[in-house]
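> Dumping the structure here so I can ask a few things about it.
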Amino acid sequence: MTSASPTIVALATAPTAGAVGIIRLSGPAALEVGRRLAPGVPPSPTPRHAYLASFVDAHGRVLDEGLFLYFRGPASFTGEDVVELQAHGGPRLLRLLLERTLEEGLARLATPGEFTRRAFLNGRIDLTRAEAVADLVAADSESAVRAAAAGLSGALTGRVRALEEPLRDLHADLEGVLNFPDEAEGADEDAASRVQALRAQAEALIAEAGQGRLVRRGARVAMFGPVNAGKSTLFNRLVGEQRALVDDEPGTTRDALEARVEWNGLGVTLFDTAGLRETPGRVEALGIARTRELLSGVDLAVLVLPPATSVEDAERWRDEAGSTPVLMVDGKCDVAAAHPLVPATSAQTTEHKHGADGTPLVPMVDGEHDVAAAHPHAPATPDQQRAEHSHEVTGVTPMHTVTTDSSGHSLRPGASAHGAEHTRADVSTPSSRKSAVPGASPTPPPPPRPRVSGLTGEGVDALRDVLLSRLWGAGTPSAVALVSERHADALRRASEALSRAESASHLSTLEVVSGEVAIALEALGELSGTSASEALIDAIFQRFCIGK
Ligand SMILES: Nc1nc2c(c(=O)[nH]1)N(C=O)[C@@H](CNc1ccc(C(=O)N[C@@H](CCC(=O)O)C(=O)O)cc1)CN2
Ligand SMILES: Nc1nc2c(ncn2[C@@H]2O[C@H](COP(=O)(O)OP(=O)(O)OP(=O)(O)O)[C@@H](O)[C@H]2O)c(=O)[nH]1
Ligand SMILES: [Mg+2]
């Protein structure tokens, strides 16, 4: 490939004014073309030596004085001969120099990603490392930079290899038994357990895709809640500047606002939204519709509750977020001391008011809650009640706080059916519900709701920490392997093939097992690039910018 490929050229730096601008050539004619612009450079320059040279036009008139760098293939980024002209960073000057390199028809402009593509095709880097190059260029948070840098150093490559190599060995063993049953006798004995172990490894990598996505594109967090709760004030505090309008008139925020912050290296896009209420004006209603739409697409929704919100109302607002994980916070805590939370009331009445079609926006009057005290199973504290009502994850109804309607039926019979969505990130609650299974240890109290005041700043740092741990859990975002959707897809296909191989090892012939292992290997080859199709490679490198 090296000798046959045409020589390519592109601007390697951004096409705006900068201190230095680099024109990069790769291919067999790189040195010849480079020396036309820099005739003072010797015909056989020392590789990797920086020559100070005049760059000249077709008539020998000096256009710039810059550095000339030669890398002799294969010891270069692309594996081909590479020349760099490091000029002053004037956009017009660089265009003149670029046009000069094209003049004799010895070089053509590079397509997006073509330098890195050649590095891949010439075996300098594998596909996951090439993708890490693109991730690094696109990274806009410290964690994204660090995770991509780890990928460039081969972190993901290593883990894929740790999967691919034992799988290849297994395949060889199975084929050995199939083709030379006498010599290779017994080599397939532990095939099932080997397949199982490798599948677990593949699943572990797949599980990191969610974190990879969070690091790569940042987390999305929306403030929401009733009008006038103090959402915009809190948003401004978290962003660190007065971005959103604040006023004591309910319905101040109409359109969603967004701001980008970086917390502990994790990129976070924060949204402020129009407050929710039942009878808004026309424009405000549009804003509320937008709030709902936005809530469905964020990683975490922060429900800001004004002082003295009843548990029932809080639950009703929470339902506005649908399946998106919700963190409730008690807002305006500077005044909340004077207005303690409305006493806990029965969960029973809350459920009564839930129409099947959705969620009433008007809080119910307190008079409806009076049955609470009479209910023998009523949760004792608002926290317990909340644990019961927060979105079900496991489908297990807590034994000691069974919620029933008047007919005595459990009110959440279908929880497990719609609960799957919540398992992803509703991290703080599932264990408490799980432990409510009979015989399990008693339910630990859920963590208290963060109390914040956007006005005084009280509790805002603590809220940020809670948000981060809800988004991320323990560990550091920069330590994650950047498993992309593409990687996860290939890994999923590998895992499925391994799962079929496992059942086949009990039920079917060795040919079938070996065939499935081969399919898994093929899928893994798409990660490293050893079995990537031309179309896949095209798709990957087209995402790169020109000159990369
Ligand atoms: N000026 C400049 N800076 C740059 C690049 C470049 O192309 N030009 N890079 C472009 O993305 C990155 C550096 N990546 C590079 C990777 C490999 C080789 C290289 O010459 N590799 C040889 C020799 C290795 C060695 O001596 O250790 C090889 O792999 O055989 C060069 C740059 C970032 N900075
Ligand atoms: N005491 C106190 N007042 C607050 C606090 N946060 C906001 N306020 C006041 O409450 C009123 C509403 O604040 P906003 O931040 O505009 O409330 P919002 O939830 O964005 O309201 P909408 O956009 O209308 O839904 C303003 O008068 C704020 O000054 C707080 O933490 N403590
Ligand atoms: Mg607002």
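Including glycine, each Cβ sits where the backbone N, Cα and C put it.
Grabbed the feature section from TrEMBL, which reads as follows:
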- 7-124: domain 'GTP-binding protein TrmE N-terminal' (DOMAIN)
- Arg24, Glu84, Arg124, Lys548: (6S)-5-formyl-5,6,7,8-tetrahydrofolate binding site (BINDING)
- 127-545: domain 'MnmE helical' (DOMAIN)
- 220-316: domain 'G' (DOMAIN)
- 228-233, 247-253, 272-275: GTP binding site (BINDING)
- Ser232, Thr253: Mg(2+) binding site (BINDING)
- 344-364: region 'Disordered' (REGION)
- 398-456: region 'Disordered' (REGION)
- 400-409: compositional bias 'Polar residues' (COMPBIAS)
- 441-450: compositional bias 'Pro residues' (COMPBIAS)
> So of Asn228, Ser232, Thr253, which of the binding-site residues has the fewest other Cβ atoms within 10 Å around its own Cβ?
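Selected from the binding-site residues Asn228, Ser232, Thr253 on minimum Cβ neighbours within 10 Å: Asn228.
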> For Glu84 ((6S)-5-formyl-5,6,7,8-tetrahydrofolate binding site) and Ser232 (Mg(2+) binding site), what Cα-Cα distance in Å is obtained after rounding to a whole number?
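Between the alpha carbons of Glu84 ((6S)-5-formyl-5,6,7,8-tetrahydrofolate binding site) and Ser232 (Mg(2+) binding site) there are 51 Å.
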> Fewest other CB within 10 angstroms, which one of the binding-site residues Arg124, Ala274?
Arg124
> Going by DSSP, is Glu84 ((6S)-5-formyl-5,6,7,8-tetrahydrofolate binding site) sitting in a helix, a strand, or coil?
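Note: Glu84 ((6S)-5-formyl-5,6,7,8-tetrahydrofolate binding site) is in a strand by DSSP.
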> Of all the Cα pairs drawn from Arg24, Glu84, Arg124, Lys548, the residues the record ties to (6S)-5-formyl-5,6,7,8-tetrahydrofolate, which distance is largest, in Å?
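Greatest Cα-Cα span of the listed binding residues: 19 Å.
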> Return only the integer: C-alpha distance in Å from Asn228 (GTP binding site) to Arg124 ((6S)-5-formyl-5,6,7,8-tetrahydrofolate binding site).
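Pair distance, Cα basis, whole Å: 58 Å.
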> Tally every other Cβ atom lying within 10 Å of the Cβ atom of Pro250 (GTP binding site).
14
> Ligand 2 is in the model; which of the binding-site residues Arg24, Glu84, Arg124, Lys548 have a C-beta less than 6 angstroms from one of its atoms?
none
> So which one is it: of the binding-site residues Glu84, Asp247, which has the fewest other Cβ atoms within 10 Å?
Asp247
> By DSSP, what is the split of the compositional bias 'Pro residues' (441-450) into helix, strand and coil residues?
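Across the compositional bias 'Pro residues' (441-450), the residues distribute as 0 helix, 0 strand, 10 coil.
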> Which ones in the same chain are close to Lys548 ((6S)-5-formyl-5,6,7,8-tetrahydrofolate binding site), with CB under 8 Å and 6+ residues apart in sequence?
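Looking at Cβ-Cβ distances below 8 Å from Lys548 ((6S)-5-formyl-5,6,7,8-tetrahydrofolate binding site), excluding near sequence neighbours, one finds Ala12, Pro112, Gly113, Phe115, Thr116, Val133, Ala134, Val137.
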> What binding-site residues among Arg124, Asn228, Asp247, Thr253, Ala274, Lys548 have a C-beta sitting less than 6 Å from any atom of ligand 1?
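The binding-site residues passing the 6 Å Cβ test are Arg124.
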> Less than 6 Å between Cβ and the nearest atom of ligand 3 is the rule; apply it to the binding-site residues Asn228, Asp247, Pro250, Ala274.
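With ligand 3 as the reference and 6 Å as the Cβ limit, the list is empty: none.
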> Looking at the binding-site residues Arg24, Lys231, which one has the fewest other Cβ atoms within 10 Å of its own Cβ?
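Result for the binding-site residues Arg24, Lys231: minimum number of other Cβ atoms within 10 Å at Arg24.
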> Does DSSP put Arg24 ((6S)-5-formyl-5,6,7,8-tetrahydrofolate binding site) in a helix, in a strand, or in coil?
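In the DSSP reduction, Arg24 ((6S)-5-formyl-5,6,7,8-tetrahydrofolate binding site) maps to strand.
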> For the domain 'G' (220-316), jot down how many residues DSSP puts in helix, in strand and in coil.
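Secondary-structure composition of the domain 'G' (220-316): 29 helix, 27 strand, 41 coil.
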